[in-house]
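Asker: Grabbed the feature section from TrEMBL, which reads as follows:
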- 31-52: transmembrane segment (TRANSMEM)
- 33-462: domain 'Major facilitator superfamily (MFS) profile' (DOMAIN)
- 72-99: transmembrane segment (TRANSMEM)
- 106-126: transmembrane segment (TRANSMEM)
- 132-149: transmembrane segment (TRANSMEM)
- 161-182: transmembrane segment (TRANSMEM)
- 188-206: transmembrane segment (TRANSMEM)
- 271-292: transmembrane segment (TRANSMEM)
- 304-328: transmembrane segment (TRANSMEM)
- 335-356: transmembrane segment (TRANSMEM)
- 368-393: transmembrane segment (TRANSMEM)
Amino acid sequence: MRILLRADTHVSFAIPADDTKPNRAFTFSQLMAALTVSLCSMVLGFTAGYTSPALITMTDQSVTPFEVSPQAASWVGGIMPLAGLAGGICGGPFIMFLGRKTTIQVIGVPFMTAGILIGCAMNVFMVLSGRFLAGFCVGVASLALPVYLGESLHPEVRGTLGLLPTGLGNIGILVCYVAGAFMRWDHLAFFGAALLIPYFILMFFMPESPRWYVGRGREDNARKSLIWLRGKDADVEPELKILVQTQAEADSQANQNYVVELMKPRNLKPLSISLGLMFFQQFSGINAVIFYTVSIFKDAGSTIDSYVCTIIVGVVNFMATFVATALIDKVGRKILLHFSNFAMILTLSILGAFFYCKDNGPDVSDLGWLPLTCFVVYVIGFSMGFGPIPWLMMGEILPAKVRGPAASVVTSFNWACTFIVTKTFQDMIGGFAWNSWSLLAVRRRVRRWSILCDIFCARDAWQDPGGNRAEVDGHHVRDD
């Protein structure tokens, strides 16, 4: 009998004494693997936050040798997630055939090329080309990172170390905000390209995912990978045996037509959960905040300098992730998601009312501190729930045999939602003004988004995963 436990369940077993040393859940090698791919995530965060400080100097004719119209500026922000959609589609086949590690490392070359292209841009087309290339790499990486960590980390530390990419991604956003307060847009692009070097070098020393090796029939390589990850003294044979067994079960039930395979109930259920989490993550509006933080604070008339406000938001975003890291395996995914939802609803309601009063009365000039306060609480709420958990769960719950195509669908869907939010945000600001956006935030987002999100998070069909990676896969294989 196989027993599956929730991530927030702690059970003690009395085990008869024997001479076999138990495998350690935490090892330095696992920390290094998580930290290395998280350095890639830091570049992703830097790329996402780039437009917030860069557009201020890019649209300044005294700094930029070419004109950047408001519509072009909206595309500088919006084209990255659009390219991320393409990257998500291509990322699935990449991680299936090239491998998880190889995919993460290879994208470093076009990523660096994108930064150099933007830094050397002589027209808007070059900037958009660089942003598209960077967005494509972000789309591939955002798919490959959680899959790699979900398959490589021990289940007892997967929740904690699995949040490192989110933590360093937030550091990347913070670094971009701080550097952008002192650098022009072109110098900032060169700086972002240089951030790629550490992770690109360290990836040479990381092992490939043992699950990928097993899927390719290379058990000896999978054993070496497990020994590297679990420690030289660890007995990896039981874990390897489970990986081989679940892979064989998945192979026996697999159909080469991945579209048909994805539509089967045992695969459609975890896929729908991942899609739902990504939908609510993006339509919380987080990327509109990350992409245009400086502009939002300028329009809000905050009594604190807009760059300072942006840096404060970046610091809070970074720190909140580590609070989530400490809580996720103790409190559980569901509770953190409910807290995250409530915090964002509350702050969006207050912020929407503030902008409405600012345009229509009464006078709110004495409340110049309120936008920053709302953004701080909003970012805390997001970073503790809907920021890291959807990505973490994507690597945990998608069945092994269809994980590549399924992760590709989920990631592409996420970037499609991101494009809709970031592109239409600028158009909405220009076309309808802040008061209309505030009404949208108060009336629609608060009532509809919150109700749907809470219903989704409360579904009995969704359980917090926390078991062995292979056991989770086995559960889905048997769940017909």
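Just so you know, the numbers here start at 1 and follow the chain as drawn.
Using N, Cα and C of the backbone, Cβ positions are placed for all residues, glycine too.
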Asker: Do the transmembrane segment (188-206) and the transmembrane segment (271-292) share at least 3 Cβ pairs under 8 Å, sequence separation 6 or more?
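Answerer: Judged by the Cβ rule, the two regions do not touch, with the required three close pairs absent.
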Asker: So if I exclude everything within five residues of the ends of the transmembrane segment (161-182), which remaining residues of that chain have a CB under 8 angstroms from its CBs? That is, six or more out.
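Answerer: Same-chain residues near the transmembrane segment (161-182) but 6 or more away: 30-31, 34-35, 37-50, 52-54, 56, 145-146, 149-150, 153, 188, 191-192, 195, 290, 293-294, 307, 310-311, 313-315, 317-318, 321-322, 324-325, 328, 383, 387-388, 391-392, 395.
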Asker: Can you work out whether the transmembrane segment (132-149) touches the transmembrane segment (304-328), with the criterion being 3+ CB pairs under 8 Å where the paired residues are 6 or more apart along the chain?
Answerer: no
Asker: Determine which residues of the chain contact the transmembrane segment (368-393) at the Cβ level, with the cut-off under 8 Å and only residues 6 or more beyond its ends counted.
Answerer: 142, 145-146, 150, 158-159, 162-163, 165-166, 170, 273-274, 277-278, 280-281, 284, 286, 289, 293, 296-297, 300-304, 309, 312-313, 316-317, 320-321, 323-324, 327-328, 333, 336-344, 346-348, 350-351, 354, 414, 465
Asker: Can you work out the mean pLDDT of the predicted model over the domain 'Major facilitator superfamily (MFS) profile' (33-462)?
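Answerer: Reported value for the domain 'Major facilitator superfamily (MFS) profile' (33-462) is a mean pLDDT of 81.
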